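As recorded in Swiss-Prot:
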ACT_SITE  Lys195  active site, proton acceptor
BINDING   Ser15, Tyr16, His36, Lys110, Ala143, Arg259, Val283, Glu285  NADPH binding site
BINDING   Lys110, Gly139, Thr141, Lys195, Asp248, Ser258, Arg259, Asn260  sn-glycerol 3-phosphate binding site
Amino acid sequence: MSTVNASMTVIGAGSYGTALAITLARNGHEVVLWGHDPKHIATLQHDRCNVAFLPDVPFPDSLHLESDLATALAASRNILVVVPSHVFGQVLHQIKPLMRADARIVWATKGLEAETGRLLQDVAREVLGDDIPLAVISGPTFAKELAAGLPTAISLASTDQTFSDDLQHLLHCGKSFRVYSNPDFIGVQLGGAVKNVIAIGAGMSDGIGFGANARTALITRGLTEMSRLGEALGADPATFMGMAGLGDLVLTCTDNQSRNRRFGMMLGQGMDVMGAQEKIGQVVEGYRNTKEVRELAHRFGVEMPITEEIYQVLYCGKNAREAALTLLGRSRKEERSSS
């Protein structure tokens, strides 16, 4: 690819990274999309669409494919990272020596650092230093609908007001894509991780056959767990009533486009964890997020019974129905209690 002066370089050519790149290009911006597999990038360039995940959405002319990381990063100061959470830190280490001096980083990754449960902002600061502007986007966004130009809304939080304003300008499209700024950097990140866990639980409930009442109760109590953990970390509880909290939670718990929900449904129907992951065929973020969110909750002394039971199913071999009955058998509580 010849040198491009791009408004954004997108790191990660999976379904969501591709959808965001398409959205940016459709907004009239020059965009570079980089993926780690040169063969995959060559296929995208040849087909001018992502046949595997978004087969009916052609790439705009202003979307440029690139397999050379240095070339991709030289094209723009604005870098949008869209990779699974368990490789987030690894990717930042990879791009750090190749970034422009004026680089700014935004990510659409939803999750926490593998094993440690740290927020991704802490990973980014450790790898990239304290001076680089950071931002995160999160909210109810299925890649297929976003790429198709169907109405979508997200939350955006940043450490830098100028960067936040620039990102709103780049992403916001009045016809289909609304971007709401939010000063709560912690809350916007955390919502995307916890909702993955609760979505697995909602899927389990439906897989068992518990019905709409149970699913709705689980979503509601899951939101309580999300808010409880968020407050302990210093987030604004109001954030969890917005796009990055309730919005993403409802979407992921109720629609079968969600891998986490489908994964949970298979577990509820009796499939083992490995078999369910293989059948999904893509990364199920909630599997790792469950372990990470549980670790974070223990570290801050926050009780999260739904998360705990999902962890028991995923990592300790507990039966999904047994886990559900454990939750139902808990002692009576006040609705607004801290446990």
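Each Cβ is built from the backbone N, Cα and C atoms, and glycine gets one as well.
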Query raised in the report: Cα-Cα separation of the residue listed as 'active site, proton acceptor' and Tyr16 (NADPH binding site), in Å?
Result: 17
**Report entry** binding-site residues near Asn260 (sn-glycerol 3-phosphate binding site), in sequence order, restricted to His36, Lys110, Glu285 and a 10 Å Cα cut-off
**Finding:** Glu285
Query - Longest CA-CA distance among Ser15, Tyr16, His36, Lys110, Ala143, Arg259, Val283, Glu285, per record bound to NADPH, angstrom - result: 22
Query raised in the report: Quick one: Cα separation, Lys110 (NADPH binding site) versus Asp248 (sn-glycerol 3-phosphate binding site), in Å?
Result: 11
Requested in this report: Between Ser15 (NADPH binding site) and Asp248 (sn-glycerol 3-phosphate binding site), find the distance joining the two CA atoms and give it rounded to the nearest Å.
Outcome: 17
Requested in this report: Please give the greatest C-alpha separation between any two of the sn-glycerol 3-phosphate-binding residues Lys110, Gly139, Thr141, Lys195, Asp248, Ser258, Arg259, Asn260, in angstrom, as a whole number.
Outcome: 16
Report task. Could you list the residues of the same chain, at least six apart in sequence, whose Cβ is under 8 A from the Cβ of Glu285 (NADPH binding site)? Result -> Pro84, Ser85, Lys110, Gly111, Asn196, Arg259, Asn260
Report summary line: What remains of the binding-site residues Tyr16, His36, Val283 once a 10 Å Cα-Cα cut-off to Thr141 (sn-glycerol 3-phosphate binding site) is applied is Tyr16
Report summary line: In chain order, residues whose C-beta lies under 8 angstroms from the C-beta of Asp248 (sn-glycerol 3-phosphate binding site), counting only those at least six residues away in the same chain, are Lys110, Ser138, Gly139, Pro140, Thr141, Gly191, Gly192, Lys195
**Report entry** For Thr141 (sn-glycerol 3-phosphate binding site), the number of other Cβ atoms found within 10 Å of its own Cβ
**Finding:** 22
Query raised in the report: Which three-state DSSP class does Ala143 (NADPH binding site) fall into?
Result: helix
Requested in this report: Might you list, by sequence position, any residue in that chain lying six or more from Val283 (NADPH binding site) with a Cβ less than 8 Å away from its Cβ?
Outcome: Pro84, Arg259
Query - Reduced DSSP assignment, Ser258 (sn-glycerol 3-phosphate binding site) - result: coil
Requested in this report: Quick one: give me the count of other CB atoms within 10 A of the CB of Tyr16 (NADPH binding site).
Outcome: 23
